[in-house]
Amino acid sequence: MLVKSGIYRKSKTQAATLLALGALLFLVLLLSLSVGAFPIPVYQVLSVIMSNIGIELGDFTTQQRSVLVNIRLPRVILAMLVGGGLGLSGAALQGLFRNPLVEPGLIGVSSGGALFAVVYIVFGASIPLLQGLSGIGLPLFAFMGGLLNTFLVYRLASSSGKTDISLLILAGVALNALSGALIGLAIFYADDAAMRNFTFWSLGDVGGANWQKVYTAFLLIIGPAVLVFTQFRQLNALALGESEAFHMGVNVQKVKYILLISSAMMVGTAVSLTGTIGFVGLIVPHLIRLGFGADHRLVLPASFLLGAILLSVADVLARTLVVPAELPIGIITAIIGAPFFIWLIINFKKLRN
Amino acid sequence: MLQATDIHFCIQNRPIVNKASIKLLPGELTVILGPNGAGKSSLFKVLSGDIQCRHGNVLYNGKTLSAYKTSQLAQIRAVMPQHSTLSFPFTVQEVVELGLLPLKNDFKQETVREVMEETQTWHLRDCDYSVLSGGEKQRVQLSRVLVQIWEKKPYPRFLLLDEPTSSMDIALQHHVLAIIQKIKSRNIAVLAILHDLNLAANYADQVVLMKNGNVMFQGPARKTMTASKLMEVFDHPISVFEGDSHRPTVIHTVPFSQIDQQIKHA
C-alpha cells in the first residue's frame with residue numbers, strides 16, 4: 001500500500017508542478033502583452049481578450065486592441081511556441097544522447113537548419129518547383145537541414161550504441177563551422193532581393209511575428225512535441241543505456257528516429273521563423289531536473305512550459321531594456337545561457353573526478 | 001526452455017565464441033565459468049539478443065529470437081549487464097520502477113516494495129542512484145530486473161545475470177544467490193556469469209566451463225567442477241573438497257608462492 005501511495009503521490013506532485021508552470025506561463029503571457037513601447041494595462045489586456053471570445057467588458061481603445069491583436073499577441077505566442085519547442089528538443093536530445101551537455105545549437109542542429117533556410121531564401125525564388133511551397137517552404141527546408149546535421153552528428157559521435165561526449169561536441173564544432181562557411185557562400189551569390197530577405201531573417205528575433213507564422217509554428221512545433229511527450233517511458237529506460245532499454249522491451253531504433261526527427265522539426269521550424277536562438281534547450285531541462293528530478297514524464301512537458309516562459313521573459317527584456325530600440329532575443333539568451341553553460345562544465349568536471 | 005545451438009561469433013574474423021551449445025531449463029541455475037577472454041560475456045550477449053551471430057540459433061521456448069518483438073521478449077526474459085551507468089539523477093525507486101516498463105499495466109504496485117525489501121534496498125528508495133556504492137548499485141539493478149519477472153506466469157521465463165555479485169561483500173553475495181534460488185522455483189531459468197568458484201560450486205545446478213571461446217565442459221555442477229577440469233580451464237593449481245549436507249564444497253586456489261612446494265609434496 002505504501003508503494004501505491006508513493007507512486008500516486010508522485011504523479012500528484014508532477015501534476016501540481018505542471019499546473020504551477022502553466023499558471024506562471026499565463027502570468028508571463030499577461031505581462032508580455034502588457035509591457036512594451038506602447039504599454040497597455042493588464043486589465044485592458046484582459047478586456048480585449050475577453051471581447052475576442054464574446055464577453056464585452058468594454059474599457060479599451062481600438063488602438064490598444066489593434067496593437068494587441070495584430071502585433072503583440074502573435075509575437076508573444078510565437079515566442080512561447082519557439083521557446084517551448086527549443087526547451088523540449090533540448091530535453092529530448094539530452095535524453096537520446098544520454099548526456100546533459102547536449103544542446104541543439106551546440107551540436108549543429110540549429111546551424112544545419114539555418115544553412116538550409118538560407119539556401120531556400122537565396123535560391124528558392126529561382127527554382128520553379130519550390131514556388132508551390134510558399135509559407136511552408138522555409139520551415140520545411142530548415143527542418144531538413146536540422147535533420148541532416150542531427151543525423152551526421154549522431155553518426156560521427158556514436159559507435160555501437162554509445163555516444164562519446166567529446167566526439168559529439170567536436171562533431172558539433174565541425175558541422176557548425178561547415179554550415180557557417182556554406183551560409184557565407186550562399187550569401188556571396190545572393191542577389192539584392194534575397195539579401196534583403198536574408199538580413200530580415202538573420203536578425204533572428206520574434207519581432208517579425210504575424211499570425212501566419214504563428215499558425216506554421218503551431219502546426220510544426222506542437223505536432224512533434226506531442227509525439228515526443230509520448231516517449232517518456234522509453235527515454236527513462238534509455239537513461240540506463242541502449243542495451244538496457246532493449247532488454248526492457250524498448251524498440252531503440254524506432255525511438256531514436258522519432259526523437260531525432262521530432263527534434264529536428266521543432267528546431268528547424270524555430271530557426272526558420274525566428275533565427276538561431278541558443279541555450280534555451282540547454283538551460284531549461286537542467287533547471288527542471290535540478291528542481292523536480294529526472295523522470296521524463298515530468299521533464300518533457302515541464303521543459304516545454306519553462307522554455308515558453310523563459311523565451312517570453314527574454315522577449316520582454318529584449319523590447320524593454322533599450323527602449324525605443326530592441327535587442328535581438330538571441331543576444332539575451334546567450335548572455336544568460338553562456339555563463340550557465342560554463343557553470344555546468346565546472347560541475348560536470350567535479351562530478352567526473 | 002532456452003536452447004542455443006552451434007553459436008559462433010567472430011570479431012574481425014577472430015572467433016570469440018566457437019560452436020557453443022547451451023540449454024537453460026526452468027527451475028535451474030546455470031553458471032558460466034572461465035578465465036578472462038573466454039567468451040563468456042559474448043555468449044551471454046548472443047543469448048540475451050544484444051548481438052546477432054552469423055551461425056547458430058537461439059530458441060526461447062521453441063521460437064527463434066528474431067520471431068519475437070522486442071516488447072514480447074522483455075516479458076519473458078530480464079537481463080542484468082555488468083555495468084549500467086545512469087546519465088541523469090534518478091532516485092533508486094525510479095530506477096527499480098523502470099523494470100515495470102515491459103509489463104505495460106499488468107503489475108501489482110506492491111511488487112516494487114516486495115522486491116526492494118528482498119534485496120535490502122527499500123531503505124535507499126529516495127536516494128540519488130549516482131551516490132550509491134558499487135555494491136548498492138548492483139543490488140538496485142538486480143531489483144530492477146527482478147521486478148520485470150517477479151510475478152508468477154504460466155510460461156517459462158529467463159533471468160540472465162552478468163557478474164551480479166562482483167562488487168558485493170560476502171554476506172550480500174550469499175544473500176543474492178539465495179534470492180536467485182528462490183526465484184528459479186517460479187518456472188524461471190537463471191543464467192549467471194560468476195567469478196567466484198565457491199559460490200558457483202555451492203549454488204549452481206548446471207555449470208558451463210569456457211576457455212578461448214570454446215565450451216570445454218558442461219553438465220551438473222558436481223560432475224563438472226572437478227579439480228582436473230577446473231585446472232585445465234583456468235591453468236592454475238586448484239583443489240576441490242566436496243561438501244555434504246553439513247558442510248559446503250570448498251575450492252582452493254593455490255598461491256603462486258606455494259605452487260613449487262605443492263609439486264615437491266606430490
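Keep in mind that glycine also has a Cβ here, set from the backbone N, Cα and C atoms.
TrEMBL entries are annotated by machine, without manual review.
Taken from TrEMBL as is:
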- A:76-97: transmembrane segment (TRANSMEM)
- A:109-130: transmembrane segment (TRANSMEM)
- A:136-154: transmembrane segment (TRANSMEM)
- A:166-190: transmembrane segment (TRANSMEM)
- A:210-229: transmembrane segment (TRANSMEM)
- A:257-286: transmembrane segment (TRANSMEM)
- A:298-318: transmembrane segment (TRANSMEM)
- A:325-346: transmembrane segment (TRANSMEM)
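Sequence-distant residue pairs (6 or more apart) of the transmembrane segment (A:298-318) and the transmembrane segment (A:76-97) include at least 3 whose Cβ atoms are under 8 Å, placing the two stretches in contact. Residues 93, 97, 104, 107-117, 119-121, 124, 130, 163, 168, 171-172, 175, 179, 216, 220, 260-261, 263-265, 267-269, 271-273 of the same chain, all 6+ positions outside the transmembrane segment (A:136-154), place their C-beta atoms under 8 angstroms from a C-beta of that stretch. The transmembrane segment (A:210-229) is in contact with the transmembrane segment (A:76-97), judged by 3+ CB-CB distances under 8 Å for residue pairs 6 or more apart in sequence. Non-local neighbours of the transmembrane segment (A:257-286) in the same chain are 78-79, 82-83, 85-96, 100-106, 109-111, 113-114, 116-117, 138-139, 141-147, 150-151, 154, 201-206, 213, 216-217, 220-221, 223-225, 227-228, 231, 235, 299, 303, 306-307, 310-311, 328-330, 333-334, 336-338, 340-341, 344; each lies 6+ residues outside the stretch with a CB under 8 Å from one of its CB atoms.
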